[in-house]
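Undergrad: Following this message is one structure expressed as structure tokens.
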Amino acid sequence: MAEFDYDLFVIGGGSGGVRAARTAAATGARVALAEDYRLGGTCVIRGCVPKKIMVFASGYPDLVAEADAYGWDAQIGDFDWKRFRAKLHAELDRLEGVYRNLLNTSGVAIYETRARLQDAHHVALATGEVKSAAHILVATGGHPVRPGLENAEFGLVSNDLFLLEDLPSNILIIGGGYIACEFACILNGLGVDVTQYYRGEQILRGFDDEARDMIADRMRERGIDLQTNMNISEMDLAEKRGMSDGSSHGHDGRAVTLDDNPMSSTVADAAKPLWVKDTEGREHRFDHVLFATGRAPSTADMGLEDAGVSLGKKGEIVVDAYSQSSVPSIYAIGDVTDRLALTPVAIREAMAFVKTVFRGEKSPVDHELVPSAIFTQPEFGTIGLTEQEGFERGGVEIYRTSFTPMKKSFAGGSGKTMMKLVVDSETRVVLGCHIVAEDAGEMIQLAGIAVKAGLTKEQFDATCAVHPTSAEELVTMSSPVRKG
Ligand code: NDP
């Protein structure tokens with residue numbers, strides 16, 4: 001009889017956990033996975049996938065306006081959120097089914113309940129069962145955090161947006177990171193009056209400065225009231241502050257489906273209009289406040305400390321290059337480790353874990369030069385050193401172009417594109433690439449291959465341009481605009 005019930009017990013059924021479970025099972029390992037909400041995790045259920053579908057939905061007013069400029073008699077009507085939402089959730093149900101099937105056909109035992117570590121080899125399920133495993137993989141992901149502000153629980157977090165009963169007529173978004181900027185653009189595109197407060201000088205801290213400025217300008221041009229050096233200082237229910245029927249932005253009834261979804265707001269009052277004081281002392285009334293103020297690893301009440309697993313400052317599981325925690329039989333991957341909170345990174349960590357533990361090939365995870373895209377309008381694709389990081393490092397040349405793409409130019413709209421390469425002046429290796437453009441996410445995936453491969457500027461330029469495209473500019477920038 002086997003010493004343990006399973007060779008691997010995975011806690012968390014998101015992108016990382018599911019990939020690890022089924023690829024480990026493919027090696028012949030006996031694998032179980034526990035998930036207490038829905039299979040698919042943040043990416044599929046309340047993150048990348050529904051967000052991207054909302055990005056598509058929000059882009060149609062622009063497309064129709066453009067169609068008109070191209071000679072079509074095109075007009076856009078009203079957006080029916082309820083019709084869209086029903087279809088969105090049907091799609092998420094379908095995708096959850098795909099994940100379930102993948103696990104079932106791989107022979108992974110699924111426990112649809114909460115799991116907690118008991119010790120280095122035991123997992124206690126909320127059903128009362130205890131399962132033993134040679135290896136335990138924690139892939140519980142992360143969750144949005146609200147700032148420590150009184151009444152912050154009245155505000156929404158990104159999870160709630162997909163569950164809104166009605167689209168608000170206006171919203172205040174707090175934050176200037178990926179989620180804040182993406183949802184500012186999405187909601188603006190869907191017709192919501194968006195105000196965004198960012199506490200610093202410029203949104204998207206840490207990214208290329210020129211790209212940040214360009215995206216901020218474009219967001220403002222689109223009608224987003226983006227205010228920098230601004231934050232929320234107090235909030236309360238509007239009705240308590242005598243603002244209940246103020247500027248008529250309010251709506252009746254509950255805006256958030258407060259079902260048994262542990263990921264959504266738990267406060268019924270989150271549906272009511274809010275009174276907000278900003279850091280300059282001005283008072284406002286908003287239908288909703290969205291806190292896009294960062295995410296934290298989901299490690300609370302998991303029994304990790306009791307099992308001897310070391311946690312870092314943000315509560316993340318501290319792991320080595322092989323995703324192994326301080327307890328040799330316990331591994332962790334994905335957002336719970338607070339390395340790079342991106343789905344494809346979690347998937348790579350899952351594959352490297354399986355290779356290391358179940359295929360006997362020690363495989364560290366490579367977190368260098370990871371491309372990513374921010375789905376603002378326009379999109380922003382980025383990899384490697386920013387111009388500022390290049391100058392700090394020294395010995396770089398900046399190649400950069402900005403132009404209005406043919407499609408936009410013909411339509412007569414604004415819509416400048418920016419492409420930038422940060423190049424090592426000696427070795428000529430391209431150290432960074434930054435693209436602000438329609439479909440920049442698609443472009444950076446391909447340009448990212450060249451940057452990851454360590455190609456030089458001359459090797460970029462040796463590739464013939466594909467004409468007429470926007471991306472051809474990536475291989476035709478002849479002289480540097482700045483050196484440092
Ligand atoms: P980010 O860390 O990117 O942004 C958080 C924002 O909130 C920052 O602008 C931060 O300001 C601000 N903030 C933090 N605390 C406060 C506060 N108390 N008051 C006011 N503002 C505050 O987090 P996100 O939640 O946007 O995204 C989390 C991660 O998820 C990303 O880092 C990314 O890895 C991933 N993600 C990736 C996406 C993609 O690939 N397209 C899409 C969405 C998420 P400051 O800059 O001053 O710290």
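Along the chain as shown, residues are numbered 1 onward.
Quick reminder: no glycine exception, Cβ is built from N, Cα and C everywhere.
Checked TrEMBL, it gives:
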DOMAIN    6-350  domain 'FAD/NAD(P)-binding'
DISULFID  C43-C48  disulfide bond
BINDING   K52, D335  FAD binding site
BINDING   G175, G176, G177, Y178, I179, A180, C181, E182, G294  NAD(+) binding site
COMPBIAS  241-254  compositional bias 'Basic and acidic residues'
REGION    241-262  region 'Disordered'
DOMAIN    370-477  domain 'Pyridine nucleotide-disulphide oxidoreductase dimerisation'
ACT_SITE  H467  active site, proton acceptor
Undergrad: Checking the recorded positions K52, D335, H467: which ones have Cβ within under 6 Å of ligand 1?
TA: none
Undergrad: With every protein chain in view, how many other Cβ atoms are within 10 Å of the Cβ of G177 (NAD(+) binding site)?
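TA: There are 18 such Cβ atoms around G177 (NAD(+) binding site).
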Undergrad: Across all chains shown, how many C-beta atoms besides its own are within 10 angstroms of the C-beta of D335 (FAD binding site)?
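TA: Other Cβ atoms found within 10 Å: 31.
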Undergrad: Whose Cβ lies within 8 Å of the mean position of the Cβ atoms of G175, G176, G177, Y178, I179, A180, C181, E182, G294, the NAD(+) site, other than those residues?
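TA: Near the NAD(+) site, beyond G175, G176, G177, Y178, I179, A180, C181, E182, G294, sit F183, I203, L204, A292.
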Undergrad: Given a 10 Å Cβ-Cβ cut-off, pick out the one of the recorded positions C43, C48, I179, C181 that has the most other Cβ atoms nearby.
TA: C181
Undergrad: Let's see if you can do this one: DSSP helix, strand and coil counts over the domain 'Pyridine nucleotide-disulphide oxidoreductase dimerisation' (370-477), in that order.
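TA: Looking at the domain 'Pyridine nucleotide-disulphide oxidoreductase dimerisation' (370-477) with DSSP, the answer is 36 helix, 35 strand, 37 coil.
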Undergrad: Would you kindly give the Cα-Cα distance separating C48 (disulfide bond) and G175 (NAD(+) binding site), rounded to the nearest Å?
TA: 18
Undergrad: Here the binding-site residues are G175, G294; which one has the lowest number of other Cβ atoms no more than 10 Å from its Cβ?
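TA: Comparing Cβ neighbours within 10 Å for the binding-site residues G175, G294, G294 has the fewest.
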